Each structure stands twice: as structure tokens, then as C-alpha cells.
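> In case it helps, TrEMBL gives these features for our protein:
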type: SIGNAL; residues: 1-19; note: signal peptide
type: DOMAIN; residues: 20-320; note: domain 'Plant heme peroxidase family profile'
type: DISULFID; residues: Cys30-Cys109; note: disulfide bond
type: ACT_SITE; residues: His61; note: active site, proton acceptor
type: BINDING; residues: Asp62, Val65, Gly67, Asp69, Ser71, Glu83; note: Ca(2+) 1 binding site
type: DISULFID; residues: Cys63-Cys68; note: disulfide bond
type: DISULFID; residues: Cys115-Cys316; note: disulfide bond
type: BINDING; residues: Pro155; note: substrate binding site
type: BINDING; residues: His185; note: heme b binding site
type: BINDING; residues: Thr186, Asp240, Thr243, Asp248; note: Ca(2+) 2 binding site
type: DISULFID; residues: Cys192-Cys224; note: disulfide bond
Amino acid sequence: MEMMLKVFFLGCILHLASAQLQNGFYSTSCPRAESIVQQVVVKKFSADRSITAALLRMHFHDCFVRGCDASILIDSTKSKSSEKDAGPNLTVRGFELIDDAKRNLEAACPSTVSCADIITLATRDAVALAGGPGYNVSTGRRDGLVSDSSEVNLPGPSLSISDAARFFTAKGLTLNDMVVLLGAHTVGVAHCGFFRDRLSNFQGTGKPDPTMDPALAATLLKTCGTQSRPLSRDPTVFLDQNTSFILDNQFYNQIRSKRGILQIDQELALDSLSAPLASRLAANNDLFRQSFVNAMMKMGSVEVLVGNAGEIRKNCRVFNKPGGRA
């Protein structure tokens with residue numbers, strides 16, 4: 001009964017947040033807001049197509065700690081370590097793009113557009129540029145007033161499906177949402193350190209993970225080295241070895257062929273909880289596209305601040321000075 005009440009309460013939070021967010025929130029206060037963000041994203045994407053993966057990761061990491069409130073953007077100070085410097089966030093990137101968008105927005109509409117909305121809009125635009133679906137984004141988020149590295153607790157790449165799902169249900173998302181959102185790995189990369197244990201001495205067996213295609217394991221071993229003899233650097237590899245810069249359903253076809261890089265990705269195709277949906281997504285790109293839009297919109301509403309809560313930061317990296325809250 002207690003768990004049912006918790007799920008009901010989380011559902012109410014998501015519903016209330018969604019009700020207060022709205023399409024075209026800035027249509028009067030800053031009519032060019034969305035086009036200003038889009039221009040910055042287009043320019044960056046033309047030089048670096050990997051920015052789509054970077055923004056998707058930033059958006060996810062932000063929303064899973066205190067909700068989608070741009071707390072991940074805050075710089076640490078001498079006395080306080082922010083979310084940005086927590087272990088899981090050390091390889092998050094794309095902050096300069098958010099800075100550029102915010103600078104342009106402040107010039108056009110001072111103290112109006114939140115950093116939280118910039119992350120959400122920029123991610124949406126990058127998804128479309130990578131061949132993913134275009135969709136409307138509800139706006140009206142406000143920026144958080146807390147960013148603490150000790151609060152960062154994100155699902156790791158070696159979790160089981162059921163353990164990973166608990167992180168998502170705690171945010172009012174479903175197992176199906178998780179399966180779909182992990183499809184963002186179709187444009188992602190991972191450092192060898194996150195999966196090297198699968199390549200040669202999996203769980204002390206002296207052999208590669210049997211759930212990984214042997215040819216893929218051999219190829220990755222050359223790139224990454226072994227656990228006992230890793231390469232001096234920590235290279236990255238594409239999580240989708242087929243259409244690495246296109247946001248499509250090929251990731252699911254890869255994991256169904258035992259070519260998942262991260263253990264959690266491969267488990268999506270093996271675990272009875274997730275395998276049926278993973279198979280349907282692999283077979284139907286239109287289903288993936290629509291499901292991805294729905295899951296992204298749902299995630300973007302997690303624990304958002306609206307109305308008079310929080311603030312509208314003038315600089316996304318620092319909280320407004322006392323008395324300067326919008």
C-alpha cells in the first residue's frame with residue numbers, strides 16, 4: 001500500500017508539473033527564444049555531430065538529480081562542490097553551448113529564459129539534427145537554487161534491469177520509459193573503463209562476457225586493453241557500431257545481435273522484463289521515434305520548478321546574487 005501511495009504521489013507531481021509547463025511559454029516575453037537556442041545548436045552540430053549525445057546525457061543527468069532544474073550547470077566554488085564535479089558528471093560536456101545560448105538570450109530578453117529550458121530546448125534541437133524526431137517542447141521551467149555533488153546518484157552501466165528500473169520509477173518513469181530512453185545510446189559513446197571487464201576476464205572467468213559477440217569483444221580488446229593491462233589512456237567507442245551519429249532504432253538491433261557495449265545495454269535484449277519491448281523497437285523505427293518523443297517529454301517534466309519557485313539565472317554557471325532572483 002505504501003509503495004502504491006508513493007507511485008500515485010509521483011504521478012501527481014509529474015501531472016502538476018506538466019500542467020504548469022506550456023508550449024510557447026515565451027511567445028510574449030521572448031518570442032525568438034526557441035529560434036535563438038536553435039541557431040546555437042545548429043552551429044555547434046555543424047562542427048561536432050557528437051553534441052547530440054552530449055546534450056542528451058546532460059539532460060538526463062540534470063533531470064535525475066533534483067529534477068530538470070539546471071543544477072548540473074553550476075560551477076563548484078572553493079567551499080562547495082557542485083553536481084558538475086561528481087564522479088558520474090566529470091565527462092558530461094556541452095556546457096559552452098548552453099553558455100552561448102544563454103548569452104544570446106540575455107542580450108535579447110534579459111532575465112527571462114531559464115537555463116533549465118535551454119537544456120531542454122537544445123537537446124530537442126540536437127535530436128532532430130541527428131535524424132531523430134522533431135517535437136514540441138513545453139517550457140516554463142525555473143532554475144534550481146541548490147547544486148551538491150553529494151546528491152548525485154545515477155544508475156551505473158553494470159546494473160541489472162530491475163535495479164536500474166528502480167532509479168527510473170523513483171522519478172515517476174516506467175520500465176518502458178527506461179528501455180526507450182536508453183535508446184539514446186544509439187548516438188552515444190563510452191569510455192573503455194565502463195566495460196573493459198567484459199572483454200577478457202568477465203567475473204573472473206578468464207574469458208569474455210559470453211553475452212557479447214566474440215568478434216566485437218576481440219575488436220574492443222585491441223582498442224581498450226585488458227583489466228590487468230589497460231591502455232595508458234581511456235579511449236571511447238561508439239555504443240551503436242552501425243549508425244553511430246544517427247538517432248534511430250539501430251541500437252536495439254545491435255543489442256539483439258549481442259553487440260551491446262555496456263552491460264546494461266546488452267541486458268535490455270536479454271532480460272524478460274525489457275526484451276519484448278526492445279524487440280518491438282528494433283523492428284519498428286516509427287514506434288521508436290514516437291516512444292522516444294513521449295519518454296523525453298515525460299523525463300523533461302520530472303520535478304520541475306515552475307511559477308515563483310527557484311529563479312531565472314543570468315549566468316547558468318552561478319546562482320543569482322541575493323536580491324537578484326527573477
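Each Cβ is built from the backbone N, Cα and C atoms, and glycine gets one as well.
Unlike curated records, TrEMBL annotations are generated automatically.
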> Whole-number answer please: how many Å between the C-alpha atoms of Gly67 (Ca(2+) 1 binding site) and Cys316 (disulfide bond)?
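A Cα-Cα distance of 16 Å.
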> Near the Cβ of the residue listed as 'substrate binding site', how many other Cβ atoms are there if near means within 10 Å?
18
> Relative to the Cβ of Cys316 (disulfide bond), which residues of the same chain, six or more apart in sequence, are found under 8 Å away?
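Expected: Ala70, Leu73, Phe95, Ile98, Asp99, Lys102, Cys115, Ile118, Asp143.
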> Indicate the candidate from Cys30, Cys68, Cys115, Cys224 with the smallest number of other Cβ atoms within 10 Å of its Cβ, considering only these disulfide-bonded residues.
Cys30
> If you draw a 10 Å sphere on the Cβ of Val65 (Ca(2+) 1 binding site), how many other Cβ atoms land inside?
25
> Should any of the recorded positions His61, Ser71, Cys224, Asp240 have a Cα within 10 Å of the Cα of the residue listed as 'heme b binding site', which are they?
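For the residue listed as 'heme b binding site', the recorded positions whose Cα atoms are within 10 Å come to Asp240.
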> Where the distance is taken from Cα to Cα, which of the binding-site residues Asp62, Asp69, Glu83, Asp240 turns out closest to Cys109 (disulfide bond)?
Asp69
> How big is the gap, in Å, between the Cα of Cys30 (disulfide bond) and that of Asp69 (Ca(2+) 1 binding site), rounded to a whole number?
20
> In whole Å, note down how far the CA of Cys192 (disulfide bond) lies from the CA of Thr243 (Ca(2+) 2 binding site).
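Cα-Cα distance, Thr243 (Ca(2+) 2 binding site) to Cys192 (disulfide bond): 20 Å.
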> I'd like the number of other C-beta atoms within 10 A of the C-beta of Asp62 (Ca(2+) 1 binding site), please.
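Excluding its own Cβ, Asp62 (Ca(2+) 1 binding site) sees 28 Cβ atoms within 10 Å.
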> Need one number: mean pLDDT over the domain 'Plant heme peroxidase family profile' (20-320).
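Within the domain 'Plant heme peroxidase family profile' (20-320), the model's average pLDDT equals 96.
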